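Everything below concerns the one structure shown next.
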Amino acid sequence: MEDGNTTLLTEFVLTGLTDHQGLQVPLFLLFLMIYLITVVGNLGLIALIWSDPHLHIPMYLFLGSLAFVDAWISSAVTPNMLFDLLSKNKMISLSECMIQFFAFAFGGTTECFLLGTMAYDRYVAICKPLLYPVIMTNRLCIRLLVSVFIGGFLHSLFHVLFLLRLTFCNSNIIHHFYCDIIPLYNISCTDPTLNLLLVFILSGSIQVFTIMTVLVSYTLVLFTILKMKSLQGIRKAFSTCGAHLLSVSLYYGPLLFMYVLPASQQTDGQGMMDSLFYTVIIPVLNPIIYSLRNKQVTDSLKKRLERHV
């Protein structure tokens, strides 16, 4: 498409993780294995929660939703990355690029809200155990989950709509392994300052809000644990919160660097490594973390395995 003497680009080239021919097949096999483990692990966790009536409580409904979001994030990025590792044609259209970014951003924002909601759930479970069934009902849980997914959808849609104001005319090379928003801004012919400001304000606000929710919730949880005199109660509290706290710690580190640190301070290599950790590594770790550190999940899994052995 042309506008005067300027050709507007509608197709882009993803540089991918590496252009070293000797590394592409080993990386393909590695990430294919990780992706299969991610999908099987997260969908298996969802199936386990769905099939066990004892796990039909808010805590595990949130966990099942987290497993779905992790599988979604990985599926939004990894299949295309695997294809590009073996393909000589690394082209992607602008519309496909926006769809991929929307899918990824929807999952990322939803997980952000979800981790904050899960922290509040842990706070109620530990600090107000007698009132937990009254406060955290399944009805409230479903309302919270609907709000979380709507929030993720609207935030992602907002950024995609603002992407439409940008034009691309100089370079069609995206130095990344998927269509992320910052690399697109870097090759835009239109001044992306407004878009960058919105990313900083909106993404930063969401992260600050959810991080504060997590910090306040776990500060109150810690005070409650310190008042406990029963060793069994302390162990149960740590069992309830430990997996979620570890998951939160792994999640927010790379995310802060990806979207809050100014783009001028990030290198392409650093950005890709942060994205790789967030889109590939965390989704495969979460079901392992929650399965190994949660007694009810492990007990339910053992029962299912014993029935089929």
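Every residue, even glycine, has its Cβ placed from backbone N, Cα and C.
The membrane topology recorded in Swiss-Prot places Ala125 on the side opposite to Leu194. Matching 94-114, 115-135 against Swiss-Prot, the residues noted as transmembrane segment span 94-114. Here the Cα atom of Cys97 (disulfide bond) is found 15 Å from that of Asn186 (N-linked glycosylation site). Confidence for the topological domain 'Cytoplasmic' (220-239), expressed as mean pLDDT, is 76. In the three-state DSSP classification, Asn186 (N-linked glycosylation site) falls within a helix. For the topological domain 'Cytoplasmic' (293-309), the residues of the chain that approach it from at least six positions outside its boundaries are 45, 48, 51-52, 54-55, 60, 63, 239, 242-243, 246, judged by C-beta separation under 8 angstroms.
Sequence-remote contacts of a segment are chain residues at least 6 beyond its ends whose Cβ falls under 8 Å from one of its Cβ atoms, and for the transmembrane segment (272-292) they are 17, 31, 34-35, 37-38, 41-42, 44-45, 63, 66-67, 70-71, 73-74, 76-78, 104, 108, 175-178, 180, 243-244, 246-247, 250-251, 254-255, 257-258, 298, 301. Counting C-beta pairs under 8 angstroms (sequence separation of 6 or more), the transmembrane segment (199-219) reaches the transmembrane segment (94-114) with 3 or more such pairs.
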